[in-house]
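Structure first, commentary second.
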Amino acid sequence: MPELDMLVRGGTVVTPTGVKNADIGIADGRIVALESALQATSHEVIEAKGLHVLPGLIDAHVHFNEPGRAEWEGFETGTKAFAAGGGTLFFDMPLNAHPPTVDVESFDLKLEAAKSKALVDFSFWGGLVPGNLDRLEELADRGVVGFKAFMSNSGIEDFQSVDDHTLREGMKRAKKLGKLVAVHAESDAMTEELSRKYVSAGKTSIRDYLDSRPIEAELEAIQRALGLAGETGCALHIVHVSCGAGVLLIASAKKLGLDVTCETCPHYLTLTEEDVIRLGAVAKCAPPLRPLAAQDSLWEYVKAGHVTTIGSDHSPAPPTMKLNSDFFKVWGGISGVQHTWPLLITEGHVKRRVALELLSRFVSVNVAERFKLPQAKKGMMVGSDADLALVDLQQEFTIGGTDLLYRHQQSPYVGRTVKGQVVQTVLRGQSVFKDGKIVSKPVGQFVKV
Ligand SMILES: NC(=O)NC(NC(N)=O)C(=O)[O-]
Ligand SMILES: [Zn+2]
Ligand SMILES: [Zn+2]
């Protein structure tokens, strides 16, 4: 074997097909050997004894808000935080950037911004909004991962929600273009009517907000999206499903032959409505956090493999937008992109005994397969990009405000004690994060789908 660039020795390696003790040989950014007692010389050797070597996270759902709203986060701080959490590839959502990513002009602006600032690899979602049906083809040519639509108010003026006609037509076109459509599924009719009812009666507490976005509003929208997917034959991905009942609808439709999958997020798996009532604005999101019973059933569906991907839905905003005595007016979005691994390890693996191998699929190989990423991103195996997260599963730590690498040090996970410290993140064979520090310049590359 020729000299390696990097040898990761003695770690517990979590591959898509099993967990094993093995060495990983890396050359030219790729995994070239994965076997025990690898005999080779290497430029750099990482002693990984006692550590788990997990796949680098592929997070299919982040809002880094650049260009246009970089003061909310931006690629620089967003990707530093993500890399510190073991992240190596993210898909940026089309909204909260300004202009939103709904045509080639806005796509190219985002690509320019990310190229010089992203520490890790990236792909982009295109938006599906009223009025941009004729721009979907050019976005597909640029290589977006799919088209994202909102079925309820997005909270942002420049990204309008779709009516059923636009969603249906968008699906027809996406199918022709070989792309999937992803939806934020909450019924606009139900949430708007309930919100109006509460707000006009002066009822604007956290509890009122939760009651204005009930599980039924999510289920109604999921069902409608499934109907349209059945009618058009378009591949559908429901993002941030918050409860087991939502996953059940999707699993049933899949059984009937629909090409449909769903995502859930660490916050629905680790926080409940009690937490948002206690913590307030940092834990506001849509769909909102749910009661414990909904979370328990969500975990059951995750364990059974009915959820396909887990994405952070990192959606930060300046602290001032989190300050309002009217909870309906507070910015909805949770900052969490830095802690997906410790949260899943602690709540999923340690507490609920979910196999690491299964958890790792939700944040790497399943994402790569569902979004038809290039072969090199399809998991920890010989021939793949060497995208790795070295994690100390035993190391317990308390998430602290000042450890957060976000532009704004706010997160509902602050104060939470977790296991699974990420000690090193490797992107295409190069360390980007090591022993608590960012150790690389922005070297992220666009991954075209
Ligand atoms: N405009 C947003 O970033 N919205 C996001 N906000 C959440 N989930 O609270 C989302 O994904 O819907
Ligand atoms: Zn959403
Ligand atoms: Zn989102």
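Here the Cβ of each residue, glycine as well, is placed from N, Cα and C on the backbone.
The following features are taken from TrEMBL:
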type: DOMAIN; residues: 53-432; note: domain 'Amidohydrolase-related'
type: BINDING; residues: His61, His63, Lys148, Asp313; note: Zn(2+) 1 binding site
type: MOD_RES; residues: Lys148; note: N6-carboxylysine
type: BINDING; residues: Lys148, His184, His240; note: Zn(2+) 2 binding site
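Structural mapping of features recorded in TrEMBL.
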residue : record                : DSSP (3 states)
His61   : Zn(2+) 1 binding site : strand
Lys148  : Zn(2+) 1 binding site : strand
His184  : Zn(2+) 2 binding site : strand
His240  : Zn(2+) 2 binding site : coil
Asp313  : Zn(2+) 1 binding site : coil
Contacting binding-site residues, sequence order - His61, His63, Lys148, His184 vs ligand 2, Cβ under 6 Å: His184
Binding-site residues close to ligand 3 - of Lys148, His184, Asp313, only those whose C-beta is under 6 Å away: Asp313
Residue from His63, Lys148, Asp313 whose C-alpha is spatially nearest that of His184 (Zn(2+) 2 binding site), among the binding-site residues: Lys148
For the Zn(2+) 1 site built from His61, His63, Lys148, Asp313, further residues of that chain with CB within 8 A of the site's CB center: Ala60, Val62, Phe91, Met93, Trp125, Val239, His240, Gly311, His314, Ser315
From binding-site residues His63, Lys148, Asp313, the one whose Cα lies nearest His240 (Zn(2+) 2 binding site): Asp313
Cβ neighbours within the same chain of Asp313 (Zn(2+) 1 binding site) - under 8 Å, at least six residues apart: His61, Val62, His63, Val239, His240, Cys265, His267, Cys285, Gly333, Ile334, Gly336
Residues among the binding-site residues His61, His63, Lys148, His184, Asp313 that border ligand 1 - Cβ under 6 angstroms, in sequence order: His63, His184, Asp313
Sparsest-packed among the binding-site residues, when each Cβ's other Cβ atoms within 10 Å are tallied, from Lys148, His184: His184
Cβ neighbour count within 10 Å of His63 (Zn(2+) 1 binding site): 25
